[in-house]
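Before any comments, here is the structure.
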Ligand code: DON
């Protein structure tokens with residue numbers, strides 16, 4: 001058996017012993033039903049070999065992880081003009097805070113906090129003919145996987161309770177940084193967040209960020225410089241007010257979601273995803289962070 005497979009299985013066994021598994025997100029009611037005991041971990045290497053353990057092939061709500069994918073599509077369309085609408089500084093704030101947005105006149109700190117992702121959603125709506133269908137097609141093409149879908153129940157659940165996102169979108173609109181109808185932007189955003197994928201599928205989708213912008217079939221989604229920038233944003237902003245801690249503990253660019261997923265990558269070497277629905281107080285998967293810290297510490301593989 002390959003070393004990666006042994007390491008993943010060893011970490012999964014250690015993780016079973018951790019008593020505090022965190023708290024499952026419930027502010028999106030549909031997410032509250034998920035079994036807290038789920039744990040999956042999956043790795044794809046640069047050659048396309050797969051290694052997985054636990055619930056690594058079970059689908060879950062990727063939530064904010066989708067923000068990297070919408071950013072990637074908007075960046076490919078707009079190039080560097082995109083940065084006129086959204087900044088690239090870590091916020092040091094929780095993902096849904098609005099205070100900086102007002103101070104900074106409607107320019108979100110970065111594309112991975114909710115306000116930034118709403119601006120990116122607006123950009124995509126302006127440029128795509130059928131925004132939700134075209135974005136889904138883009139993500140499916142990245143992974144060469146037609147089985148990736150939105151979870152309509154999760155999208156509907158968030159649209160009923162996403163008051164802070166309604167506030168953010170309206171604030172952005174008041175500053176002129178949303179061009180389309182606020183309800184259309186939110187509808188797109190709730191759908192992108194509802195994307196359902198397994199750890200295995202996430203590693204396939206994120207392969208392009210490990211592989212200089214090209215998917216496994218050699219199609220280019222971003223150029224080398226653009227991938228450098230997206231990975232830098234993941235490293236500095238991918239975990240909100242815990243980005244420093246993730247860089248310190250794990251040492252890889254990555255992104256989390258309140259569904260309990262985390263995806264991280266080492267350029268030119270591997271992409272790894274974890275899923276454990278219980279979150280820590282910063283909204284990042286508690287066991288996922290522990291597992292990834294163990295992985296990079298045990299293998300010595302990180303960008304540092
Ligand atoms: O907008 C929200 O609150 C959710 N759809 C996504 C938040 C999220 O995943 C934050 N990540 N850890």
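Just so you know, the numbers here start at 1 and follow the chain as drawn.
The backbone N, Cα and C atoms fix where each Cβ goes, glycine too.
TrEMBL annotations:
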BINDING   64, 114, 158, 165, 189, 240, 258  substrate binding site
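Features as recorded by TrEMBL, highlighted on the structure.
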residue	record	Cβ contacts under 8 Å, 6 or more apart
64	substrate binding site	95, 112, 114, 117, 193, 255, 256, 257, 258
158	substrate binding site	28, 30, 165, 190, 193, 194
189	substrate binding site	117, 118, 121, 165, 169
240	substrate binding site	91, 93, 94, 95, 112, 113, 282, 283, 284
Fewest neighbouring Cβ atoms within 10 Å: which of the binding-site residues 114, 165?
165
Residues 64, 114, 158, 165, 189, 240, 258 [recorded substrate binders]: greatest CA to CA distance in Å:
20
In three-state DSSP terms, the structure that residue 165 (substrate binding site) belongs to:
helix
If you count Cβ atoms within 10 Å of the Cβ of residue 258 (substrate binding site), leaving out that atom itself, what do you get?
24
DSSP on residue 189 (substrate binding site), three-state: which is it?
helix
